[in-house]
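Annotated features in Swiss-Prot:
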SIGNAL    1-18  signal peptide
REPEAT    72-93  repeat '1'
REPEAT    94-115  repeat '2'
REPEAT    116-137  repeat '3'
MOD_RES   Met135  methionine sulfoxide
REPEAT    138-159  repeat '4'
REPEAT    160-181  repeat '5'
REPEAT    182-203  repeat '6'
REPEAT    204-225  repeat '7'
REPEAT    226-247  repeat '8'
REGION    258-312  region 'Homooligomerization'
Amino acid sequence: MKALWAVLLVTLLAGCLAEGEPEVTDQLEWQSSQPWEQALNRFWDYLRWVQTLSDQVQEELQSSQVTQELTVLMEDTMTEVKAYKKELEEQLGPVAEETRARLAKEVQAAQARLGADMEDLRNRLGQYRNEVHTMLGQSTEEIRARLSTHLRKMRKRLMRDAEDLQKRLAVYKAGAREGAERGVSALRERLGPLVEQGRQRTANLGAGAAQPLRDRAQAFGDRIRGRLEEVGNQARDRLEEVREHMEEVRSKMEEQTQQIRLQAEIFQARLKGWFEPIVEDMHRQWANLMEKIQASVATNPIISTPMPQENQ
């Protein structure tokens, strides 16, 4: 909280010094680190170009192009300021409601002054365009001189507004940072005793309940060990039964295989006994038939009959 009041005091002193000095430097005295500052610098550069009142500036002033460009730059700046303010509001955290309201009111006032002066500048440029249009064919030097003077004054006002807004936002940011740090400290203070109580309770429970837990773990381990041994014995017995059964099956299969082999040999011998006489008898009959054919051919040779010749 001391840091916040220190920033407020510096801001007030800076404001007093600013009121005592009518002249303002031509450049904004900060680094454009935030988007709203970058948008304001773009507006500032364009205004510096308008203030030259060159022939191109006067031509664009008469065509309303300058006021349109300024409108876009104004809207961009105000949009970025609102976005940055909203971001800081989300970071304020547990800051007192009174402090939050006061800081928000100060930033809102500075923001409103900057927006109003920007609007005044745009209206003055529109008024200049209307005055020039009503004086067609006449000298407009006096109008340009008045506009130049007004632009210098408006530039100083806008610069003061911008610097004041930047300082108010800096205070707002400091309040957000302090609120966050204070919130963390308060949370640490609230949770510290609870954490210590929990640690002490855990230590007490560990000291008092360690032995019962060990006894229960030992008993549980013994039960598990006994159950595992029982299951192992049952598995071994079952495996032995399966092995004996498989041995019995193998013996039966070998016996049946031997019986089938013997039966096949007997059947083969029977088939051989059945078919061998038949085959031998067929061989004899075939041999006799061949002998008869050969004898018949030898005794009755075939006489070749001459082929009839064709008429010549």
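Start at 1 and count along the chain as shown; that gives each residue its number.
Just so it is clear, glycine is given a Cβ too, placed from its N, Cα and C backbone atoms.
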I'm checking region-level scores; what's the whole-number mean pLDDT for the repeat '2' (94-115)? 81
So if I exclude everything within five residues of the ends of the repeat '3' (116-137), which remaining residues of that chain have a CB under 8 angstroms from its CBs? That is, six or more out. 43, 47, 50, 58, 61-62, 64, 66-67, 70-71, 74, 77, 143, 147, 150-151, 154, 157-158, 161
Count up the helix, strand and coil residues in the repeat '4' (138-159) according to DSSP, in that order. 19 helix, 0 strand, 3 coil
Helix-strand-coil residue split for the repeat '1' (72-93), DSSP-based: 20 helix, 0 strand, 2 coil
Note: in the chain of Met135 (methionine sulfoxide), residues six or more apart in sequence with C-beta under 8 angstroms of its C-beta are Ile143
DSSP residue counts for the repeat '8' (226-247), split into helix, strand and coil: 22 helix, 0 strand, 0 coil
